[in-house]
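To keep things clear, I will list the structure first and then write my remarks on it.
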Amino acid sequence: MGNVPLLREVGKCQRNMFGRSTASSKGSSNSRSSSSTSPKKGPRREADALMFIQIFIHLLKSNIGTGFLGLPLAVKNAGLLVGPVSLLAIGALTVHCMDILLNCACHLTQRLQRSFVNYEETTMYSLETCPSPWLRTHSVWGRYVVSFLLIVTQLGFCSVYFMFLADNLQQIMEEAHFTSNVCQPRQSLVMTSILDTRFYMLTILPFLILLVLIQNPQVLSIFSTLATITTLSSLALIFEYLIQTPHHSNLPLVANWKTFLLFFGTAIFTFEGVGMVLPLKSQMKSPQQFPAVLYLGMSFVIFLYICLGTLGYMKFGTDTQASITLNLPICWLYQSVKLMYSVGIFFTYALQFHVPAEIIVPYVVSRVSENWALFVDLTVRTALVCLTCFSAVLIPRLDLVISLVGSVSSSALAIIIPPLLEIATFYSENISCATIVKDIMISILGLLGCVLGTYQALYEMTQQTHFYMANSTRVHI
């Protein structure tokens with residue numbers, strides 16, 4: 001794979017993706033005017049350029065996380081027929097929007113004579129050329145909105161990681177005394193839980209605080225390697241179990257429309273890599289090959305999504321839980337699967353957290369004297385970790401938080417914004433009416449999913465508080 005660690009390369013992309021957050025508003029306006037006339041050096045250097053297979057691996061890694069393990073429940077919420085078909089449709093729509101984003105960014109780099117523009121810059125420069133005078137005047141707000149959505153999405157991922165770690169750790173600890181080498185199917189029995197899930201979240205908190213204080217790229221690359229190894233090993237064992245018979249029959253092909261709204265949020269959340277498309281292309285040794293990597297990689301990702309979601313739902317039926325790891329049988333083999341995947345998620349937390357921290361921390365530190373810089377740096381990082389933890393404590397429902405984050409921020413970044421950018425970018429260049437209608441319809445579809453999915457997730461959160469309290473005393477053996 002080369003001498004440069006893969007994570008270090010992607011970390012550079014992610015930091016460049018968000019731009020210079022510490023610049024003042026006055027300075028940013030000056031930099032925009034000057035950058036339009038002079039080329040800007042992009043994040044890719046020839047020595048650091050990544051090969052086809054490396055970009056392919058990064059694309060897979062950026063789209064396989066905790067949301068991936070929630071797809072069986074998502075298929076349950078949509079139905080055995082509607083779920084896989086909808087996953088395919090949403091996947092195709094998301095990839096199309098990624099392609100739109102790439103085309104807009106490529107066009108703007110040529111127009112502005114720059115080597116690279118990130119998502120926020122693409123939004124800002126697109127608005128500067130749109131037909132609306134008001135939007136042209138306030139184009140910088142497009143950059144701020146996208147940056148805010150990216151931060152919310154990344155911190156939302158971190159909150160989901162807290163819940164995932166707590167749920168799996170609770171199950172491992174409370175089932176340890178009757179776990180053996182013989183795998184037994186999991187059946188539901190009502191028993192008194194030893195400790196609440198929230199206790200495990202608070203137990204994990206200090207370890208994650210210590211983890212995020214590590215900022216050395218070489219150490220982070222080691223974390224990335226460990227996360228990749230444990231995640232791939234766990235997924236191999238999970239798929240090995242899912243293909244075994246028996247499977248449930250007579251499962252509903254079409255589910256309730258209200259639960260389908262939860263499916264939409266989960267499906268969009270699972271496509272976590274939309275923010276990585278532009279920086280990954282900028283890091284590629286042969287950028288002209290990136291569309292091939294994108295379509296090949298995302299086709300494989302969608303195939304994995306459909307397989308896991310469908311096989312998982314067929315395997316566990318109505319007992320399907322928020323994460324498929326919670327449905328695995330009781331034996332040391334599959335307890336080790338939970339442990340390995342949890343280790344991978346634990347280290348991935350630091351990688352996901354690194355992105356919003358690189359935006360927020362420098363901005364805050366620049367407001368204090370040098371004597372207080374280190375203290376403020378550590379304090380802000382600690383506060384952000386605590387924020388993600390307390391968010392998980394307040395809403396300890398993994399499936400609903402995944403759906404909420406997906407509906408609120410992921411849908412905007414993946415579906416709503418890119419088509420609007422295409423209209424704004426190419427409006428002055430005689431864009432066809434058919435393309436405008438197509439883009440408007442895609443954005444409206446994404447907006448409907450965002451509003452209705454958010455409403456349904458919030459409704460379920462308020463209505464099922466008592467359900468969670470009852471479920472916290474339920475252990476599976």
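Numbers run from 1 along the shown chain.
Glycine is no exception: its Cβ is also placed from the backbone N, Cα and C atoms.
A quick note: this is a predicted structure, and the numbers were derived from the prediction, not measured.
Per Swiss-Prot, topological domain 'Cytoplasmic' is recorded for 1-54 (among others), and the stated evidence type is sequence analysis.
Annotated region 'Disordered' per Swiss-Prot: 19-43, in sequence order.
The compositional bias 'Low complexity' annotation in Swiss-Prot covers 19-40.
Sequence annotations record features per position, and here Swiss-Prot assigns transmembrane segment to 55-75 (among others) based on sequence analysis. Here the transmembrane segment (55-75) has long-range neighbours at 6, 10, 83-84, 87, 157, 160-161, 164, 228, 231, 235, 262-263, 266-267, 269-273, 276, 280, 283-284, 290, 293-294, 296-298, 300-301, 304-305, 308-313, 315-316, 320-325, 327, 341, 345, 348, 398-399, 402, 406, meaning same-chain residues at least 6 beyond its ends whose C-beta is under 8 angstroms from one of its own.
Marked as transmembrane segment by Swiss-Prot on the basis of sequence analysis: 78-98 (among others). Counting same-chain residues at least six beyond the ends of the transmembrane segment (78-98), those with a Cβ under 8 angstroms from any Cβ of the stretch are 71, 251-255, 259-260, 263-264, 267-268, 271, 274, 277, 294-295, 298, 301-302, 305-306, 309-310, 313-314, 414-415, 418-419, 442, 445.
According to Swiss-Prot, the feature topological domain 'Cytoplasmic' maps to 99-144 (among others). Computed over the topological domain 'Cytoplasmic' (99-144), the whole-number mean pLDDT of the model equals 90.
The transmembrane segment feature in Swiss-Prot is assigned to 145-165 (among others). Sequence-distant contacts of the transmembrane segment (145-165) (same chain, six or more residues past either end, CB-CB distance under 8 Å): 17-19, 21, 65-67, 69, 119-120, 123, 197, 200-201, 204, 208, 272, 275, 323, 342, 345-346, 348-349, 352-353, 355-356, 359-360, 384-385, 387-389, 391-392, 396-398, 401-402, 404-405, 408-410, 412-413, 417.
Secondary structure counts, DSSP: the topological domain 'Extracellular' (166-202) has 19 helix, 4 strand, 14 coil. Per Swiss-Prot, topological domain 'Extracellular' is recorded for 166-202 (among others), and the stated evidence type is sequence analysis.
Per Swiss-Prot, transmembrane segment is recorded for 203-223 (among others), and the stated evidence type is sequence analysis.
The transmembrane segment annotation in Swiss-Prot covers 226-246 (among others) and is backed by sequence analysis. Here the transmembrane segment (226-246) has Cβ contacts under 8 Å with residues 61, 64, 307-308, 311-312, 315, 324-325, 328-329, 333-334, 337-338, 340-341, 343-345, 347-348, 351 of the same chain, all six or more residues outside its ends.
Residues annotated as topological domain 'Extracellular' in Swiss-Prot, with sequence analysis given as evidence: 247-259 (among others). If one looks beyond the topological domain 'Extracellular' (247-259) by at least 6 residues along the same chain, the residues whose Cβ comes under 8 Å of a Cβ in the stretch are 76-83, 311, 313-318, 456.
The feature transmembrane segment is assigned by Swiss-Prot to 260-280 (among others), with sequence analysis given as support. Residues of the same chain lying 6 or more positions beyond the ends of the transmembrane segment (260-280) and with a Cβ under 8 Å from any Cβ of it are 10, 13-14, 16-17, 43, 50, 55, 58-59, 62-63, 65, 67-68, 70-71, 73-75, 77-79, 82-83, 86-87, 90-91, 94, 97-98, 101-102, 105, 116-119, 122, 150, 153, 157, 290, 294, 301, 305, 399-400, 402-407, 410-411, 413-415, 449, 452-457, 460.
Taken from Swiss-Prot, the feature topological domain 'Cytoplasmic' applies to 281-291 (among others).
Proximity of distant same-chain residues to the transmembrane segment (292-312), defined by a Cβ-Cβ separation under 8 Å and at least 6 residues beyond the stretch ends, is recorded for 52, 55-56, 59-60, 63-64, 68-69, 71-72, 74-75, 80, 83-84, 87-88, 91-92, 94-95, 98-99, 102, 238-239, 242-243, 247, 270-271, 277, 284, 320, 324, 327. Look at Swiss-Prot and you will find 292-312 (among others) tagged as transmembrane segment, backed by sequence analysis.
Per Swiss-Prot, the feature topological domain 'Extracellular' maps to 313-344 (among others). For the topological domain 'Extracellular' (313-344), the DSSP-based tally of helix, strand and coil residues reads 24 helix, 1 strand, 7 coil.
Per Swiss-Prot, transmembrane segment is recorded for 345-365 (among others), and the stated evidence type is sequence analysis.
DSSP states for the topological domain 'Cytoplasmic' (281-291), grouped as helix (H, G, I), strand (E, B) and coil, give 7 helix, 1 strand, 3 coil.
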